[in-house]
């Protein structure tokens, strides 16, 4: 066929110009080529030159700087223009099909216009980003020319009577309109930027965000194409392959998305509503709607458009199959006007190829709109979450203290508001567009089905609708079972926590199995609940798969039976199949949307209750946050001023720092807690408040700080010598006060940060404070010194250490006033004295700071400048000590006797062994063992920090691979039978699904063949096979869903069981070297992931992968040519998923890790609220909250954008699959007689590919993160257990062994681990039966290791211990440990009853238990408790004092009547009186048994038969106490002298 612009027929009227040139159709088309050629020639050189000189741009994110007005409109118009040009090209090609020769003029101008359109937008984009508006002149000329040429063509068409009936007329009209609009946009740019025709052009500055290179989230700033395809994310996602993503990489949030911006927006809405609506849930909804409603409407609009375009799929399939299956493929001749052919729109849309292209474009648009809708909804949700969290925080800052202390609001409730309720609202906003889109989708779907199938469609739709409530029921059941599972898991965790905290005791007493069984019992209940969870999950999965099959089956059965000549052509069958798939989606979503809505309503109800709780002050302007920098500068200057003001006040007569006149204060609405308070606190002096417990001393401090509700009276604060006496100058003008509360409050931060507390670091001052609080020895023990993280997430400190850090913070703050609320309560006498002398009397006095000290230690009263004595909430008396001696002699005498008694205590408490030494020793022990083997917690992050390139590349390689080994571990735990079942059922199910659809194709193709041949056709045989296949399919759906969940349960059971057994039998080393939290995490988070998340992810992953393979298989079977196109698409897919998986995992971890500090910041603030408000530090804490919220939000935003990035790309690849499949199958059908049924089958499957691919990659990424749990648990499963077997069996050990209690220690060397140095070296000793032995020595001399050696808790690598002629290394561990008794230095009690704590094995009688309690001086205490022996012990024995707990531990040792008792510093936490009673008791009750005492106070072993003095693991002295005391140079004697 020859080629010519106007065609090459001889009689061609195309060259006929008799009626004038402009009346020739070919010439009109030629004329239209001119503008496009002009543009292409002009712009190409500029583009190449321009790209070369791009480096000279300003330092901003230049590729995203949008300058010109009408930007988005231009992009939209260009997209529409390109779409219409594609239609014009297609129309030209179709109408050219009716002529003998090729008429290039029908489509070549349109093709050139298409190229020019693309060039115009590229050219515009480059000019815009390089800010060179003058070059837009070329575009202006182009739009003018194109508009004129098209208008001429359109006018000529109208003149010749060509009307809307012809498609080309409509296309030309639209093009005239579009070129006109684009011309208007161009003129608008000239008017906006004034770059020509005006004297002075407008200067434009880039937005603030783009000038800040820290802002990396560019979605709001990029052009429309990049916005729609997330193109700007490319570099970000590919870079994750080279370096892990962290907070530095993702940068800052754009201003419009920051929590502060959104909070101000939300607060304005709340303010506006204040007058109108009553405060309640409705009030919150209104404010949310006004603040965040607009983007939501945009999201809903996008969603509507996507849903409407979604119906293009079924309609196009119907059209294509219909076109192919037409028996006579002739189309009537088109009209010939102006010497060229014209076709109507109907003929155009009946062409299968045209439909294929339209389907491709519809799919691209639909997916783009859908992802845009998701993105906008999620972004709005995240912004809303940030705003609400900030609002909650600001509310916390103003909460009444009474709300907290009276238990109306707990820390847990507030944390739930932040962690759960704000997220519920976010999810509701995300799912909100579904609420509006679903009804539309369902109604449209049903209408189209009715149009295709008639009445039978309604029956199929009814089935889906009827089963939707069942779905909802299953979903509610699921959430209920999840709740009960949660209750059991928290109970199991509580037990596991106790087990791990008391593991040393359990091992020493050989009680591991009792506690293990207890945990296993709870786990059993949890598993029963999990079974229900698994059952409902599998029903839910089953229904998702089975409902569409059932609906299709019913519809076709009814359709065939209703009418004999039912039209069941492939076009109808496959279009309705696709429609059913579309219909099922909204109905599945329905249950989750309804649930989400209900949860959101509940959350808003909770929020409204919280927002309406009582407050103390007024909400501060967020301006305070912006003034932060000024604030810190002022602080550093203020110290100098304070000194001056103090100096001033010395010159004038003493002034009161603050006074309370006739004050009545209350916590609740009842009678006042403090009544008729009249006090004056002198300026720059030390005031002490004393009184009995509960008389209101702490309340008085809080009343002064304005934390209590004032019923009447005034509180007046004076900032300096000038007294402000007005009543209005109430609490409001109080300056910052350094306050150390009775219960110490620490931040989750380093020791330094806790002490300096946001103040600038002054080295000398810091040193002085550390010295005054005796913190240096404690800091030296910590692994990173004062940079060590303490608090919940760091190292757990003892009460005394916390108290001293809390006091140190108050001393370090440079405020004029310091309030110390009983700082000595948790300190021993030496530390108290040191703190009093160095800290309070020296440091604070020197600085002339006003100090108010609440204390019980009356011996410090002589130091006070002013004393306030309280009784029952009133002031008993106030004045100096002399005043009180004169005015209240009785009170003074009472104090004197108490002072005397406290001084006596001081004499008896010795220097060598104070509480503090014990605390430090515990800390040192924990640190020592943690340092020795710093176990790597199997997380991959630890080596990322290193700059070593090889190291980094190795880590990156590790990150790039999917953890197949963990996957193997997971699946192998299920067992072979289940695995085979799982594989078989999945393969069978998917083969059946394909069989059902294949049979449908076969059946419908035969219907058409019968029609063409005009012979009768019976549906019954086909229908019965179809029904059988469908029923089998439904059964198999059930089988697979049950198998998956069953496998999950089996694995969960196995892994937890193995983990618990491994941990319980592990050597003590593991617990000393691994942080407890890390082991607990394996039992909590990781076990939860394995229990509930992995099975569902596994099911989704296997289903989407198999569906994807089936679909590609079917398409390849229908059109083998497709395989050629599949290769590049598969390569693209591989790279996309590879990059995405790594970025997604990093971002998920970032989102989780940024949530933790946010939540702990909330709980910290609630707990330390009084301290923060006293110091007036609210703005700083608000600022920190904003940082934490923004960090969490930006991680969430990037994760959302990454998910959209993946989905858009996968959807586009899916659209390409559809296009290739459609074109290939149409060609195949037209030329190779492929049956229409198979074409329909191939296209239906092609439509679903993109969905499956998306799910496959998303689930793969999730699976990878979740398999981390399996990997970590597997790491612990590799622990070597202790050797529980002995050379002797249990039966070979004599029954009452050891009867005598004779101990021989021969050349014993002991170490904690094979990698460490020995702690005992070649020790020899012999203890006769019934002897009392005392062991003493300084801290770290090996005393405790000595006691542990008896129980084989340490590695005895040399020598042996022989007890009653049996070498203990030959005994089974369980037997050895169950026959000896030990009392540890840390008293450990378990939650349960007293009976359980004394005798978990339930072997002893009540008499024996009472006897043990009597010996331990506890009988009277226990008698008074409700339930006696069955009285409740709370977790950790918190309902008993430290001393009582220690006594219970003694009683526990007495219950087990073994002939050897070891006491490891057992009396350390008991007062002297009780201790001496105990010593006597031990001597009498254990008179005939061997007792080894490790001494804490040396005088406790003076009555022993034998004393061993140790140093650095060697025995230095070994003799009777008397013999050692007689020796002048003995170390023991020097110890005793020091103890006097």
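Any Cβ shown, glycine's included, is placed from N, Cα and C.
On a predicted model such as this, the values are computed, not experimentally measured, just so you know.
Per TrEMBL, the feature domain 'ABC transmembrane type-1' maps to 297-599 (among others).
In the predicted model, residues of the domain 'ABC transporter' (658-897) average a pLDDT of 82. Taken from TrEMBL, the feature domain 'ABC transporter' covers 658-897 (among others).
For 981-1264 (among others), the entry in TrEMBL reads domain 'ABC transmembrane type-1'.
Annotation comment: TrEMBL describes 1303-1537 (among others) as domain 'ABC transporter'.
Residues or ranges marked as transmembrane segment by TrEMBL: 33-52 (among others).
Annotation source TrEMBL lists transmembrane segment at 73-94 (among others).
Annotated transmembrane segment per TrEMBL: 136-154 (among others), in sequence order. Residues 22, 28-29, 31-32, 34-36, 38-39, 42-43, 46, 68, 113, 116, 120, 123-124, 127, 169, 172-173, 175-176, 179-180, 182-183, 186-187, 189-190, 195-196 of the same chain lie 6 or more positions beyond the ends of the transmembrane segment (136-154) yet place their CB under 8 Å from a CB of it.
Under the heading transmembrane segment, TrEMBL lists 166-185 (among others).
As annotated by TrEMBL, transmembrane segment applies to 304-325 (among others).
What TrEMBL records for 348-365 (among others) is transmembrane segment. Counting residues 6+ beyond its ends, the transmembrane segment (348-365) has Cβ neighbours under 8 Å at 83, 86, 90-91, 94, 167, 305, 309, 312-313, 316-317, 319-320, 323-324, 331, 1211-1212, 1214-1216, 1218-1219, 1222-1223, 1226, 1230, 1247, 1250 in the same chain.
Taken from TrEMBL, the feature transmembrane segment covers 425-444 (among others). Sequence-distant neighbours of the transmembrane segment (425-444) (same chain, 6+ residues past either end, Cβ-Cβ under 8 Å): 288, 292, 296, 299-300, 302-304, 307-308, 310-311, 373-374, 377-378, 380-382, 384-385, 388, 582-583, 585-587, 589-590, 592-593, 596-597, 599-600, 603-604.
As annotated by TrEMBL, transmembrane segment applies to 450-474 (among others). Residues 318, 536, 539-540, 543, 547-548, 550-552, 554-556, 558-559, 562-563, 572, 575-576, 579-580, 583-584, 587-588, 590-591, 594-595 of the same chain lie 6 or more positions beyond the ends of the transmembrane segment (450-474) yet place their CB under 8 Å from a CB of it.
Look at TrEMBL and you will find 533-562 (among others) tagged as transmembrane segment.
A Cβ distance under 8 Å defines the sequence-distant neighbours of the transmembrane segment (967-985), meaning residues of its chain 6+ beyond its ends; these are 1036, 1039-1040, 1043-1044, 1046-1047, 1050-1051, 1054-1055, 1090, 1094, 1263, 1267, 1270-1271, 1274. Annotation source TrEMBL lists transmembrane segment at 967-985 (among others).
The feature transmembrane segment is assigned by TrEMBL to 1021-1044 (among others).
Taking Cβ pairs closer than 8 Å, the transmembrane segment (1114-1136) reaches residues 994, 997-998, 1206, 1209-1210, 1213, 1216-1217, 1220-1221, 1224-1225, 1228, 1234, 1238-1239, 1241-1242, 1245-1246, 1249, 1253, 1257 in its own chain, all 6 or more past its ends. Annotation comment: TrEMBL describes 1114-1136 (among others) as transmembrane segment.
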With the transmembrane segment (166-185) as the reference, find which of 73-94, 304-325, 533-562, 1021-1044 contributes the most Cβ pairs under 8 Å. 73-94
Determine which residues of the chain contact the transmembrane segment (533-562) at the Cβ level, with the cut-off under 8 Å and only residues 6 or more beyond its ends counted. 449, 453-457, 459-461, 463-464, 467, 470-471, 474-475, 477-478, 481-482, 485, 568, 573, 576-577, 580-581, 583-584, 587-588, 989, 996, 1000, 1019, 1023, 1026-1027, 1030-1031, 1033-1034, 1037-1038, 1041-1042, 1044-1046, 1048-1049, 1092, 1095-1096, 1099
Take the transmembrane segment (1021-1044) and find every residue of the same chain, 6 or more past its ends, with a Cβ under 8 Å from one of its Cβ atoms. 537-539, 541-542, 545-546, 549-550, 552-553, 556-557, 560, 978, 981-982, 985-986, 988-989, 992-993, 995-996, 999-1000, 1002-1003, 1006, 1095, 1098-1099, 1102
